[in-house]
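**Student:** Mind looking over this structure? Questions follow.
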Amino acid sequence: MKKIGVLTSGGDAPGMNAAIRSVVRTGIYHGLDVVGIRRGYAGLIEGDFYLMDRGSVADIIQRGGTILLSARCEEFKTEEGRQKALKKMKEEGIEGLVVIGGDGSFRGAEKVSKELGIPAIGIPGTIDNDLACTDFTIGFDTAMNTIIDTINKIRDTATSHERTFVVETMGRRSGFLTLMAGLAGGAESILIPEIDFDLDDVSQKLKKGYERGKLHSIILVAEGVGDDFSTNRDINHSKAFVIGKQIAEKTGLETRVIILGHIQRGGSPTAMDRILASRMGSKAVELLLASESNKMVGYVNNKLVTCDISEALSKEKQVEKDVYKLANILSM
């Protein structure tokens, strides 16, 4: 193997640049040419490639986002689109591919490996932390700390005005980010897709808190909670606004709603995300050099591991209900 490609796909996550840096410099260390592919699978189809060197990734380890840019690509989901990508890769001489992204990105990597015959390795980069076969994904720790920092700021004004704040976080199908940020941020209530809840119970808990002398409350809500709430993504009809309105009606408490949105994806990655990305990027290159394909690099029990991408996609990562219980106990 003489030349490999690297791309980022799907939603960006802090630490992706650190992973790109690691792939490029590890590849060069092993005598490989490393080609950067801009805009994910769209760039793969269009041949938007450029040869990277050590200088290409200088001064990026601390930067959020991705220097390779990211985009969603419907065309790659078609056989015709994938054949275009294969033609471009063969013309460029790309013999292996590193894909940094979430589950959608990994489905593409699986197609590259199994259908197109190009070895591909996946690095989990998503703030949702919703991929199986790894304890942590790149970007999760940074996003969690961003939420916690925001909660701290919200508490200041919430206390001053004796208000309840409903704060919506990302997590359409997964509550990992919301749960862990809620536990670390001391949220009074945490609502996630995986665990049923009753707003009457939530409201009673809030009222009891105020009766004990609490001056404010923070309710953290994952964007994918309950079918009983509006699914219209217009900000004025967000589930968080529906929940906030119902809580205000049930409790009589002055309630405000905040949608954190894309702020959770930005910012300089934490040390943990930089280290995780650096280790995973290097491991991905080593796997390609060992003639591995259709594998994902994971991190389990403080060690790097590998698993089949198909296994990571087929398994559903479960939130720890003991952690959810602990968060409820500590918030009482």
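Backbone N, Cα and C define each Cβ position, glycine as well.
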**Student:** Given that Swiss-Prot annotates R72, C73, G102, D103, G104, S105 as binding ATP, state which candidate in G11, G15, G27 belongs to that site as well.
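**Tutor:** Between G11, G15, G27, Swiss-Prot records just one in the ATP site with R72, C73, G102, D103, G104, S105, namely G11.
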**Student:** Given that Swiss-Prot lists R21, S22, V23, V24, R25, G186, A187, E188, R212, K214, L215, H216 as binding ADP, which residue among R39, R63, R155, R172 does it place in the same site?
**Tutor:** R155
**Student:** With R172 (substrate binding site) as the reference Cα, tell me which of the recorded positions R21, V23, G104, D128, G186 is the closest one.
**Tutor:** D128
**Student:** Return the residue, from the listed binding-site residues R72, R172, with the maximum count of other C-beta atoms within 10 angstroms of its C-beta.
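**Tutor:** Per the Cβ count within 10 Å, the most buried is R72.
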**Student:** Around G11 (ATP binding site), which of the listed binding-site residues (R25, T126, K214, R265) come within 10 Å, judging by Cα atoms?
**Tutor:** T126, R265
**Student:** Could you tell me which of these binding-site residues, V23, C73, M170, I263, has the greatest number of Cβ atoms within 10 Å of its own Cβ?
**Tutor:** V23
**Student:** Any idea which of the binding-site residues R25, R256 has the thinnest Cβ neighbourhood at 10 Å?
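**Tutor:** Output over binding-site residues R25, R256: least Cβ neighbours within 10 Å is R256.
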